[in-house]
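Novice: Quick one: this structure, given as structure tokens, is what I'll be asking you about.
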Amino acid sequence: MSVLGRIHSFESCGTVDGPGIRFILFMQGCLMRCKYCHNRDTWDLEGGKEISVEDLMKEVVTYRHFMNATGGGVTASGGEAVLQAEFVRDWFRACKEEGINTCLDTNGFVRHYDHIIDELLDVTDLVLLDLKELNDQVHQNLIGVPNKRTLEFAKYLQKRNQHTWIRYVVVPGYTDSDHDVHLLGQFIEGMTNIEKVELLPYHRLGVHKWKTLGLDYELENVLPPTKESLEHIKTILEGYGHTVKF
């Protein structure tokens, strides 16, 4: 009997979570507590709804033409997809049987390395790894947990030579200092499996979800970064030998 997945929702024609037009599956449950999270309602491990790989694939294949025509595919996001690694592995296997490209969007908070993680990565064409912050003190303040597990996962991907894009959320006053950006550059320097770095400007599009849940949004007064700030960060990271986009 196939493993059931607990999902929050899906987006049929996503264009920002991997190449081309993609079917984005938002898995339910996350162990990080990002203060800027725009999917606050995905944290609860018991929330969402259950679905089988078979039923999910019935939905996915209806969009195959759009995905194939644009070099797209499917992306497992969240929440945190790796918390349900067995289900995502089975889903990606089904996608590969249909010739559909697979992408794993993850924060890298992997607690146990076992055959399921390896089997998931074996059927993953691209990993989008969210490196939130290299300064661990800032990371714990902003994200709620240490960054050790994510950094370990980044090194694991390097060891596997796994195709990877790094994603870095630029939050003014938190992740945009020259010192912290240099820490990121130094960490990923020489990681030849990294194809590019994506700078994701902080935004406030998810604030209403916090308020709907009756929760305080601590970054209420933080404004998005300026283009000049993003260009400056881009220049620093390019100095470490990587392609950088925003």
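The backbone N, Cα and C atoms fix where each Cβ goes, glycine too.
Per Swiss-Prot, [4Fe-4S] cluster binding site is recorded for C30, C34, C37. The S-adenosyl-L-methionine binding site annotation in Swiss-Prot covers Y36, C37, H38, G79, D130, L131, K132, H203. Annotation source Swiss-Prot lists domain 'Radical SAM core' at 16-241, citing sequence analysis.
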Novice: Using G79 (S-adenosyl-L-methionine binding site) as the reference point, find which of the binding-site residues C30, C34, C37 has the shortest Cα-to-Cα distance to it.
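Specialist: Minimum Cα distance from G79 (S-adenosyl-L-methionine binding site) across C30, C34, C37 lands on C30.
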Novice: By a simple count, how many Cβ atoms lie within 10 Å of the Cβ of H203 (S-adenosyl-L-methionine binding site), its own Cβ left out?
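Specialist: That number is 15.
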Novice: Looking only at Y36, C37, H38, G79, D130, L131, K132, H203, the residues listed as binding S-adenosyl-L-methionine, what is the longest Cα to Cα distance in Å?
Specialist: 18
Novice: Quick check for the class: what is the C-alpha distance, in angstrom and rounded, between K132 (S-adenosyl-L-methionine binding site) and C34 ([4Fe-4S] cluster binding site)?
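Specialist: The Cα atom of K132 (S-adenosyl-L-methionine binding site) is 9 Å away from the Cα atom of C34 ([4Fe-4S] cluster binding site).
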Novice: What is the number of other Cβ atoms found within 10 Å of the Cβ of C30 ([4Fe-4S] cluster binding site)?
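Specialist: Excluding its own Cβ, C30 ([4Fe-4S] cluster binding site) sees 22 Cβ atoms within 10 Å.
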Novice: Just the number: how many Å between the Cα atoms of H203 (S-adenosyl-L-methionine binding site) and C37 ([4Fe-4S] cluster binding site)?
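Specialist: Between the alpha carbons of H203 (S-adenosyl-L-methionine binding site) and C37 ([4Fe-4S] cluster binding site) there are 10 Å.
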Novice: Counting only residues 6+ apart in the same chain, whose Cβ is under 8 Å from the Cβ of C37 ([4Fe-4S] cluster binding site)?
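Specialist: Once residues fewer than 6 apart are set aside, C37 ([4Fe-4S] cluster binding site) is near C30, W43, G206.
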Novice: Between D130 (S-adenosyl-L-methionine binding site) and C34 ([4Fe-4S] cluster binding site), find the distance joining the two CA atoms and give it rounded to the nearest Å.
Specialist: 12
Novice: Below 8 Å Cβ to Cβ and six or more residues apart, same chain only. Which residues does that give for L131 (S-adenosyl-L-methionine binding site)?
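Specialist: Result: G108, N147, T150, L151, A154, I166, R167, Y168, L184, F187, I188.
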Novice: Relative to the mean position of the Cβ atoms of C30, C34, C37, the recorded [4Fe-4S] cluster site, which additional same-chain residues have Cβ within 8 Å?
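Specialist: Once C30, C34, C37 are set aside, the remaining close residues are M32, R33, Y36, N39, R40, T42, W43, N107, I143.
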